[in-house]
Amino acid sequence: MILYPAIDLKDGNCVRLLRGDMEAATVFGTDPAAQARAFRDAGAEWLHLVDLNGAFAGKPVNAAAVEAILAAIDLPVQLGGGIRDMATIEGWLDRGLARVILGTVAVEQPELVREAAMAFPGKIAVGIDARGGRVATRGWAEETDVNVVDLAHRFEDAGVAAIIYTDIDRDGAMAGPNIAATEALARAVNVPVIASGGVSSMQDLMALRATGVIAGAISGRALYDGAIDLNAALKALA
């Protein structure tokens, strides 16, 4: 199981939100590239980035910070937030991203996800953000009546690289991930599922791995708070 350290970008800074609330942002650093280097130096294999402003704006906002990170490290990087058309997808991949995450458009323009996955094999992930089993979009500001598993099934044959499942109510709350829901999703689809939201301890990581079906886990606040030691966690998961 791959551990993805997360850098959430708001106004050019590294932040963490509580349950997706932009007003409840805690700034953990003002130099995203330095944070990326710190994660690399601790042994990270991947990096997970979110353009929070972009998720609300519907277009890239923290491009300068993302580009600084890409210039600072040579790890594969995945990015979500405000990526809603083919030109933006192509632009980010051209700039060196290993993978782009499509969330809102997976609900609103599923054919774009299919087209992108066909054009860029292995480089497109679907981000499914949910509250109470229902999908939320546009920076989690809009809730839909779309069921998580139903949405995931729509992309099983599309060739997407992964599904990143975020339980919004757990995100940034340090309350533990929704292991049951994540495992159920992973067992329901034939696409690798990455857990996000609430991963707050080594025990959480081990419990996710123990399911045998979850491909990865994303953690942000727990790494910044020191609740998880990245180097020790990577060794334990190796």
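For all residues, glycine too, the Cβ spot is worked out from N, Cα and C.
Taken straight from Swiss-Prot:
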type	residues	note
ACT_SITE	ASP8	active site, proton acceptor
ACT_SITE	ASP129	active site, proton donor
Spatial separation of the residue listed as 'active site, proton acceptor' from ASP129 (active site, proton donor) - C-alpha basis, Å: 15
Which same-chain residues, if any, lie at least 6 apart from the residue listed as 'active site, proton acceptor' yet have Cβ under 8 Å of it: CYS14, VAL15, ARG16, LEU17, LEU49, VAL50, LEU52, GLY220
